[in-house]
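Worksheet: one structure, shown below.
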Amino acid sequence: MGKAKFERSKPHVNIGTIGHVDHGKTTLTAAITITMHNRYGTGGAVAFDMIDKAPEERERGITISTAHVEYETDKRHYAHVDCPGHADYVKNMITGAAQMDGAILVCSAADGPMPQTREHILLSRQVGVPYIVVFLNKCDMVDDEELLELVEMEVRDLLNMYEFPGDDTPVIMGSALKALEDPAGPWGDKIVELFDAIDTWIPEPVRDTDKPFLMPVEDVFSITGRGTVATGRIERGIVKVQEEISLVGLSEAPRKLVVTGVEMFRKLLDQGQAGDNVGILLRGIQRDEIERGQVLAKTGSIQPHTKFMAEVYVLKKEEGGRHTPFFDGYRPQFYFRTTDVTGSIKLPEGVEMVMPGDNITMEIELISPIATEEGLRFAIREGGRTVGAGVVASIIE
């Protein structure tokens, strides 16, 4: 039996379920796979306990349990992540282990919004999950129409509070458990309705090749008579020979350079694109003027910064993290892309200290500027070991 060929005829979208513990995220994930399998004959039906026993993965030195399922609608191919525990969600969203183009917020109609409902919406805002669709679950347990409307209003208010368009967000009322029991019935229709909403509300993500060019510099050589070569893996976009690009980071202002060649596996190319490991030949710069930790990028697309707000997860002792809390003014190394930069942290007002296992919003100031933008992931390290993970939430300067 040969491996089934992966058909990439439909647009691909990454989504995930978020929401409070026991509100039905995993049941909904199982119900989606079964309903989609029944209605469209695509993907495999995945049972609840298979999703619940999610395998552990390591991302940036942090162990996270995540379940991955995939399925298709008429219009799209979806890769869907579901996490068993709240801590896994926090870690997953902050490390970007499972990048989401949009999320399904699952909220129990019987309980209404709970603390983790709020926290997952806040995390989505902080880490840059751009779109949320709401599934009000367990509606079979609520007879009172007014109560359903009340819960819907509460969820919409919560979305508005964290700068999501709460008034316009699609809210689907259903029952994951009932859909699981009878995917062909009326509760199964609600799953289809959910995906009609997702197909339209969550836009197709911009492909990596369509984004502005960026390549973190990993190594630098000089080739006699030809100039300086910077090597690395192109993170996004396309770079062409004779194009003007900028060198950003570790100095106050970006420096403009001209690409005189792109090499891959010792062959000369006209261009390099996202995912390629290349050497970029640069005119007008000496080997000692460019170093690991800087990035080559489309001019004007990214700037060097030293100060920003970040959402951070601090590793527990069992995860190889610190055994003790840290305080305001803590000075670790921040590992961005390819290099460590020292910086200091400022805790929010009223927060005395941060314990291992916490997640928190903090202000970070680096001693040298790094090419930074919202959504950029980093690790926090002490003496070469990872003690935390973070994501840039907003730039200060």
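Every residue gets a Cβ built from N, Cα and C, even glycine.
Residues or ranges marked as domain 'tr-type G' by Swiss-Prot: 10-206. Annotated region 'G1' per Swiss-Prot: 19-26, in sequence order, evidence recorded as similarity to another entry. Look at Swiss-Prot and you will find 19-26, 82-86, 137-140 tagged as GTP binding site, backed by sequence analysis. The Mg(2+) binding site annotation in Swiss-Prot covers T26 and rests on sequence analysis. If you look up Swiss-Prot, you'll see 61-65 marked as region 'G2', on the strength of similarity to another entry. Marked as region 'G3' by Swiss-Prot on the basis of similarity to another entry: 82-85. For 137-140, the entry in Swiss-Prot reads region 'G4'.
In the three-state DSSP scheme, T26 (Mg(2+) binding site) falls into the helix class.
Distant neighbours of the region 'G1' (19-26): 48, 51-52, 67, 82, 84-86, 105-108, 111, 113-117, 120, 137-138, 176-177; these residues of the same chain sit at least 6 beyond its ends, with a Cβ under 8 Å from one of its Cβ atoms. Remote same-chain residues near the region 'G3' (82-85) are listed as 16-17, 21, 25-26, 29, 51-54, 64-67, 69, 92 (criterion: CB distance under 8 Å, separation of at least six residues from the stretch ends). Residues 54-55, 83-85, 88, 91-92, 95, 97, 313, 315, 319-320, 379, 385-386, 389 of the same chain sit 6 or more residues outside the region 'G2' (61-65) yet have a Cβ under 8 Å from a Cβ within it. Sorting the region 'G2' (61-65) by DSSP state (H, G, I as helix; E, B as strand; all else coil) yields 0 helix, 4 strand, 1 coil. Proximity of distant same-chain residues to the region 'G4' (137-140), defined by a Cβ-Cβ separation under 8 Å and at least 6 residues beyond the stretch ends, is recorded for 23-24, 27-28, 106-110, 148, 173-178, 187.
Cβ-based neighbour count (10 Å, all protein chains) for K25 (GTP binding site) stands at 27. The DSSP secondary structure for C83 (GTP binding site) is coil. For the binding-site residues G19, D22, T26, C83, H86, the greatest number of Cβ atoms within 10 Å around a candidate Cβ is found at G19. Helix, strand and coil content of the region 'G4' (137-140), in residues and according to DSSP, is 2 helix, 1 strand, 1 coil.
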